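Beneath this line is the structure, given in structure tokens, with notes to follow.
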Amino acid sequence: MGKILRETAKPSSSSWSPSSSSEPATTSSTSITETVKGSHQFKIKGGYKRFFKRTALETSDYLKDDCLSVNCSVGVVRSHTEGPKIYSIAIPPSNIGHQFGQFLESGKGSDVSFEVDGEVFTAHKLVLAARSPVFRAQLYGPMKDHNTKCIKVEDMEAPVFKLVTIMPSSLDLNEKMLNSVMQTDGFEYLKESCPSVLTELLEYVARFTEHSDFMCKHRNEAILDGSDVNGRRVKQRL
């Protein structure tokens, strides 16, 4: 946009006046810049008022054996003031899986049912399809069952089927329940006949374990730091 054509630096006559002069010394710098709209001239003035002439310095007591000693004082700041600590608000984990689980267990608005070992389980197609690729293929895939209102499941116990359908949609899982299910004959049948469902089940268990460990670690760190689980500062009462 602009182009510097000429820059000059010219000390004023008063800048070399002795230190006893009452007038402050100034230095001036002139810069002329050309733009598309014309030329502008900028002047910068500044400097320190106590200058020594060379002749005055050579005859002064400051110069000894052609050597000028300069005494400098250096200050070091040893203390500091800390500003307020910034706390970030942790985003709470998603509980959509728990909500889907409650919606599935309530049976409200269900549009499909499964009959397993004489017990009927109601469910929602969209919820099952969204959470499980196995049910997505069974309910909406090209090889879907013709009768999707009531699907009869053979050779599987009811607790195993409930674990497979309810658990991927809910976070309500405990080790005691999982161990009880794994000791049933239906779970052994699941390993042999439906390995893909079992793989999906174990992957979910691994993700759930990692999620639980992370939440426990986050809560412990917050308690030690004097904050709540959302990162807000908590003032203890004495």
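A Cβ is built for glycine as well, from the same backbone N, Cα and C atoms used for every other residue.
TrEMBL annotations: computationally assigned, not manually curated.
Look at TrEMBL and you will find 1-34 tagged as region 'Disordered'.
The feature compositional bias 'Low complexity' is assigned by TrEMBL to 10-34.
Averaged over the domain 'BTB' (110-164), the predicted model has a pLDDT of 77. Positions annotated as domain 'BTB' by TrEMBL: 110-164.
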Secondary structure content of the domain 'BTB' (110-164), with strand meaning DSSP E or B: 22 helix, 14 strand, 19 coil
